[in-house]
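Notes follow once the structure below has been shown.
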């Protein structure tokens, strides 16, 4: 079928419906950065050390604590999809971020009370190992606090990312923004995983959670202060309705033969029609019937009957874009699942290793993940300043999002292999010292051995996460921009839930994960995940080879000298 003209749709109107054309740009970045830092310090401050808090203060068994944390992490990651639907369809990004930040503040304040008021925690007798089980009221208050904070943190994160990206019109500026967004994202994790976790472990849980509450409050205030500088995109109603209409219309017209004449389809002239992107797979041509005009769709005066029997060409193409990207999206599920298991199990490994650093300092178990975050920040700055310019000079074109994601796959498998080797060594030392059967025994192996796997994992995130967000943000319809940035969060949510089910399966079938990990075979778990990751990388290669960019192929393929000429003209 020849190239069709595309009507001027609501997608374009979304981009034009700013309340003030002079708003937006880099002047908004300090407010968004301050908001992100404050809110993430609060969220990471309690989430990073939650496993230890549940074990030490609420007497929850270690594996059960990791399972609870995985479920909460999954909830934090699935909520952005719900928030994106609300932002795109009804409330807008600003309202969703403001409301969710307030929910997060309420939750963290309530969590601070559980750590500060003795009656809200189970009692342990002094000098005895006996501790009471938490009462229903204590569990209710704890879960209410975590639920409120989780709702707020989950709804805020990627909605704020979309609000920030919407302040820029050029893809180059959006790409730089996403790099800085994730740099701040990881930097907040470093601060919370070191300073705040240290306060919680060494001084007071109440003080640590109180710092989180104060940080959340400051972040909310900064966000509201920047309101007069933000571009506010007005929601145009649910974009998901048009996607459903395409499916319904295509089914109703399933017996009508497709036409190769452009005039037979419902469209209006649009100057963007020649740059909309790649030809869709032949298997999706069935959906073209949704835009095929019939006698039933035309009134006697020649106007179009607006119904669920007829959609515009662009509405059809928008649904095709989502379906075409789905295989790529699915290939990242098994990339994130091993990462979720690695992060939770590493805390248990750290609890069973020598965490002394010098004679007076002991590294908190929840702070070991900070190595990955430091790796993220260092490699992100190197990536933006050195790696990308070098790549463009050598390859004469920009690094594509799919290439960036592919490198992340390889590095993720490598980090799992390193983790398996380190755990094998830890178990050998435990067996040699005959302490594997002793509950709570510390293996005389420095916790620093866990750092290499975190360094490689952090480097993998530098390639993977910004590449994913850039791909979805540029390839999704404009009306689904909030959904686009939340897709990576949905991947993480499913990964955490799958990791929880996978850990339960391994516990029930293999016996590799007893409550005392010194008696288990965590190394075999890591090797299994490494094998799954390798197979998944092969699946990703097939999906990426078959995929054709819709909106950014020409932008990525531009020679370096053209980019330089444009930069000079802008200067």
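Just so you know, glycine gets a Cβ as well, placed from its N, Cα and C.
If you look at the transmembrane segment (26-55), the same-chain residues 6 or more away from its ends with a CB under 8 A from one of its CBs are 61-62, 65-66, 68-69, 72-73, 76, 97, 101, 104-105, 108, 111, 115, 146, 149, 153, 156-157, 160, 163-164, 167, 173, 177, 180-181, 184-185, 187-189, 191-193, 196-197, 200-201, 205, 208-209, 211-213, 215-220, 222-223, 225-226, 229-231, 344, 347-348, 351, 364-367, 369. The feature transmembrane segment is assigned by TrEMBL to 26-55 (among others).
Residues annotated as transmembrane segment in TrEMBL: 67-87 (among others).
Summarising the annotation, TrEMBL assigns transmembrane segment to 94-117 (among others). Beyond its flanks by at least six residues, the transmembrane segment (94-117) meets 35, 39, 42-43, 46, 53, 57, 83, 86-87, 138, 141-142, 144-156, 159-160, 163, 204-206, 208-210, 212-213, 216-217, 219-220, 223-224, 227, 230, 232 of its own chain at Cβ-Cβ distances under 8 Å.
Per TrEMBL, transmembrane segment is recorded for 137-156 (among others).
Residues annotated as transmembrane segment in TrEMBL: 177-199 (among others).
Annotated transmembrane segment per TrEMBL: 205-226 (among others), in sequence order.
Taken from TrEMBL, the feature transmembrane segment applies to 328-351 (among others). Proximity of distant same-chain residues to the transmembrane segment (328-351), defined by a Cβ-Cβ separation under 8 Å and at least 6 residues beyond the stretch ends, is recorded for 51-52, 62-63, 66, 69-70, 73, 363, 365-366, 368-369, 402, 405, 408-409, 412, 415-416, 419, 423, 426, 447, 450, 453-454, 457, 464, 468, 471, 487, 491-492, 494-496, 498-499, 502-503, 517, 522, 525-526, 529-530, 532-533, 536, 539-540, 543-544, 547.
Within its own chain, the transmembrane segment (363-383) is flanked in space by residues 48-49, 51-52, 179, 182-183, 186-187, 189-190, 193-194, 197-198, 200-202, 343, 346-347, 350-351, 355-357, 447, 450-451, 454-459, 461-463, 466, which lie at least six positions past its ends and keep a Cβ under 8 Å from the stretch. Marked as transmembrane segment by TrEMBL: 363-383 (among others).
Distant neighbours of the transmembrane segment (404-422): 332, 335, 338-339, 342, 346, 449-450, 452-454, 456-457, 459-468, 470-471, 523-524, 526-527, 529-530, 533-534, 536-537, 540-541, 544; these residues of the same chain sit at least 6 beyond its ends, with a Cβ under 8 Å from one of its Cβ atoms. If you look up TrEMBL, you'll see 404-422 (among others) marked as transmembrane segment.
The annotation transmembrane segment is assigned in TrEMBL to 486-506 (among others). If one looks beyond the transmembrane segment (486-506) by at least 6 residues along the same chain, the residues whose Cβ comes under 8 Å of a Cβ in the stretch are 63, 66-67, 70-71, 73-81, 83-84, 154, 157-159, 162, 329, 332-333, 335-341, 344, 465, 468-469, 472, 476, 512-513, 525, 528.
Annotated transmembrane segment per TrEMBL: 526-547 (among others), in sequence order.
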Can you say which of 67-87, 137-156, 177-199, 526-547 has the most Cβ pairs under 8 Å with the transmembrane segment (205-226)?
177-199
